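J.: So TrEMBL lists the following for this protein:
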| type | residues | note |
| --- | --- | --- |
| DOMAIN | 53-295 | domain 'G-protein coupled receptors family 1 profile' |
| TRANSMEM | 42-62 | transmembrane segment |
| TRANSMEM | 74-97 | transmembrane segment |
| TRANSMEM | 117-138 | transmembrane segment |
| TRANSMEM | 159-179 | transmembrane segment |
| TRANSMEM | 185-212 | transmembrane segment |
| TRANSMEM | 233-261 | transmembrane segment |
| TRANSMEM | 273-297 | transmembrane segment |
Amino acid sequence: MSTLAPLRLLREPSNASEGNQSNATLGASGGWCQGLDIPNELFLALGLVSLVENLLVVAAILKNRNLHSPTYYFICCLAVSDMLVSISNLAEMLFMLLLEHGVLVMRPSIVRHMDSVIDMLICSSIVSSLSFLGVIAVDRYITIFYALRYHSIMTLQRAMVTMASVWLASTVSSTVLITYYRSNTILFCLIGFFLFMLVLMLVLYIHMFALARHHLHSISSQQKPPTAHRGGSLKGAVTLTILLGVFFICWGPFFFHLILIVTCPTNPFCTCFFSYFNLFLILIICNSVIDPLIYAFRSQELRRTLREVVTCSW
């Protein structure tokens, strides 16, 4: 899959494309440095699955008034962000395919303008998706540790302000990234943002798991045998592992790629890693497919509404 201007730089840094890169790549261990050839059909299939899944989530939340709460609004925004990830990647792929096959003929200036628009949409969707993952973690934390005060803390007005702020910040940051994409400072900011979200989710979810485990221990200590405690702890640990594991596996390689661009653009092993950029994009799209399964479809109320949406019983 071809990538457009700034994203092409993220695939292969400019100072790694000089003579040093070819020598370094040849010096590295052969075959695995050739990268992974991922067919366009896979990008298309995953993008369509993600689009349908997240569209159903948005439709279900909008349809059911019982789901009109800050928690589900945040999940709805995450679904919209994931839809934008899919739509932007699908638009990029179709745009490049039409140009390559001569179906679409455009002036170079218009092509560059379309490049910038699609790249800005991709960057904005990535930043907003990461942001809402963090917002959902904070919302769950408040739900557990400040249950009695939740509705006074997370009011509908504050939720709206939070959502508007995330969308605004995502748009501004993506514009800055596209404008100054050659600056390592911009890449450092993007890497720092990912690390902040990773640490935030680690701290909040582990703290929530520790509290749940403590409550289960208190309950099971009054029961014999304490099988409920062991089963509940295991279920909580599995849920925590899935949440953080999916986040790290899907987003980690892409941001590690950015770290290598900044720290070792001409190193033989780094240049080999760069050749797998399309795989990292696939993982991000996979995250858009998995997010509804983790954050939305586990809700019984939302699943019931989804069935109504699918059967068109509006």
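For all residues, glycine too, the Cβ spot is worked out from N, Cα and C.
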J.: With pairs restricted to those 6 or more apart in sequence, evaluate whether the transmembrane segment (273-297) and the transmembrane segment (117-138) have 3+ C-beta pairs under 8 Å.
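T.: As far as Cβ distances go (cut-off 8 Å, pairs 6 or more apart), the transmembrane segment (273-297) and the transmembrane segment (117-138) touch.
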J.: Please figure out which one of 74-97, 117-138, 185-212 racks up the most CB pairs under 8 Å against the transmembrane segment (159-179).
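T.: Stretch with the highest Cβ contact count: 117-138.
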J.: Would you kindly list the residues that approach the transmembrane segment (74-97) from elsewhere in its chain, counting only those six or more residues past its ends and only Cβ-Cβ distances under 8 Å?
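T.: Sequence-distant neighbours of the transmembrane segment (74-97): 1-4, 40, 43-44, 46-48, 50-51, 54-55, 57-58, 61-62, 104, 114, 118, 121-122, 124-126, 128-129, 131-133, 135-136, 139, 159, 162-163, 166-167, 281, 284-285, 287-288, 291-292, 295-296.
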J.: Excluding the flanking five residues on each side, which residues at least 6 beyond the ends of the transmembrane segment (42-62) place their CB within less than 8 Å of a CB in that stretch?
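T.: Distal contacts: 1, 68, 72-73, 75-76, 79-80, 82-83, 85-87, 89-90, 93, 281-282, 285-286, 288-289, 291-292, 296-297, 302, 305-306, 308-310.
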